[in-house]
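Listed features, source TrEMBL:
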- 74-96: region 'Disordered' (REGION)
- 82-91: compositional bias 'Basic and acidic residues' (COMPBIAS)
- 200-352: domain 'Peptidase S49' (DOMAIN)
- Lys268: active site, proton donor/acceptor (ACT_SITE)
- 451-599: domain 'Peptidase S49' (DOMAIN)
- Ser467: active site, nucleophile (ACT_SITE)
Amino acid sequence: MSKILLFQTVHSTARIHPRTVTSILSKPLIIPSVSKCYSPISPFHSISLPALKHHFHSPSFSFPSSFSSRAFDDSSSSIETQNEKEEKVGEQSEIEEYPSGEMEYEKISGWKSFVVKLKMLIAFPWQRVRKGSVLTMKLRGQISDQLKSRFSSGLSLPQICENFVKAAYDPRISGVYLHIEPLNCGWGKVEEIRRHILNFKKSGKFIIAYIPACGEKEFYLACACEEIYAPPSAYFSLYGLTVQASFLGGVLEKIGIEPQVQRIGKYKSAGDQLTRKSMSEENCEMLTSLLDNIYGNWLDVVSSSKGKKREDVENFINEGVYEVEKLKEEGFITNIHYDDEVISMLKERLGVQKDKKLSMVDYKKYSKVRKWTLGLTGGKDLIAVIRATGSISRVRSPLSSPSSGIIAEQIIEKIRSVRESKRYKAVIIRIDSPGGDALASDLMWREIKLLAASKPVIASMGDVAASGGYYMAMAAQTIVAENLTLTGSIGVVTGKFNLGKLYEKIGFNKEVISRGRYAELLAAEQRPFRPDEAELFEKSAQNAYKQFRDKAAFSRSMPVEKMEEVAQGRVWAGKDAASRGLVDAIGGLSRAIAIAKHKIKIPQDRPVTLVELSRPSPTLPEVLSGIGSSIVGVDRTVKELLQDLTFSDGVQARVDGIMFQRFEGFPDATPLISLIKDYLSSL
């Protein structure tokens, strides 16, 4: 039987690979906000970890066939009393004890203002900005959770957020002009950016949104701005949200392929895509809950921002919103203007003559402005930040690109260097991952657990924290996530293809000579499982699920019985994960920083310095062209195919394929395109 591997993410349909699959899902978490006094410095250069591709495919996460007993030990003891566990559960339930990390704006004045002006005078030419400038940022497409090198294209969430912080304090910046267009990121990143917009408004400077093409995510961001403008021909598609699941059972049946899937956990739906022709009741229940969370949150935020009742917003959406004039009449946008008209309006507001050019600085140039120039340097207390983004693998393959996700041996090296160093008072592990190799995840879990025994470790979750992503987070003392962070459930699905009927149709024959009772378990894809082989497969899946569930229960100081209630392959939205003990606090990176300060017992108003240990190292194509991501992306597709054909893994785990779409007529919303996407993603 040929081996298969399902690659999925919370935002996409399944990806099929010729490889044995056992998929284990982990749970959702939630993420923090923006901090007042921190300054990133970057003495280290390391391999870049790319952003998760949310709308096409997602990596998987392999689970070891067994854990060593040492893997369950913490740094001091492998056994905890029931009383100690109950005390820890009580501590975790008190979310209110954690500081909020809310930004408190204080205008620079006096001697500090003089020093800042002096620094601006001596800044490098490429870091200088004219007084009275407007910061313009175009938010569209993919947004990476990783820092970007100066040669990399695309947007970086850390740099977007830092630009808002700098602009709030920069006396040369009069306001912000945001172009918001269709976004290709999860709701976690959208919430983080929105929080920074709200914090920027505390400076008293204006922030204006321009939305030529707008759906739910884009409008969610725009509502945080003071004013919203759109051209008369703008594309508005505020029709509501959908969640989609595609099924290949009927297709595989017609071509003679029989998926033999073993599923552990009633909500574990990953195998359903191969075996079923329609959605199961449990999967429907889970997806409905996730959709209700996201849509309900959207209605609450929009109604609050626009000063309307929730039911009024929902009724308006249900009328079918596409006319810009109607949006203006109902007060959802400020006015209808073209881009040049908005710029003319800004010139008038800032007292710039009509025949003069408005001084503007874009995202890329402003990202080069150092916080030091603005007097925003941190204090003597150092907090290390380790970013882990993308799929998880244990070692870098010779065929993989430099930005191929989370490489465990590299992350472990960073963790150990932080643990051995006395420089760092605390550590923040920033995770945005759907999972991957479970052995790699377990090794990182162990290293993070050892690190947490020597200094505070806070896990901050991005769009998704599933399977291996959550596995890493479990070792931290505190987990922080956004309301809408999607976390893969703890569950297992394993199986392989029986290609016997397909081989018969095409006239292909395969014969196997073997020694050992189960030698043909994975080798003989031309026939179904024998009864004893099927029994072994089921036991293996049950064992993998038990190990995963028990490790999660141990890490969260939760009885196994209670963990079982929230496991079973279910995916949770962040706020639901928090109420069930999988997450400790809701917020963004700034809240993680605030909690780290709280743990090391320093005042919240004392500045700290963030030391980024995951600075990107640009590839040669990126250096030469500045658009290397496209080249690398194509190259990676080919290389991943070769890896899948040459490397054999055991049990695999990853988050279910969940695609949230709008009813807007986009190609992604059609089953045919989704099916083609599944096929292309498997290449």
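Cβ coordinates come from backbone N, Cα and C, glycine included.
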Per DSSP, what is the residue tally for the domain 'Peptidase S49' (451-599) in helix, strand and coil?
65 helix, 27 strand, 57 coil
From the Cα of the residue listed as 'active site, proton donor/acceptor' across to the Cα of Ser467 (active site, nucleophile), what is the distance in angstrom?
12
If you count the other CB atoms within 10 A of the CB of the residue listed as 'active site, nucleophile', including all protein chains displayed, you should get 38
Ten-angstrom check, please: count other Cβ atoms within 10 Å of the Cβ of Lys268 (active site, proton donor/acceptor), all chains counted.
31
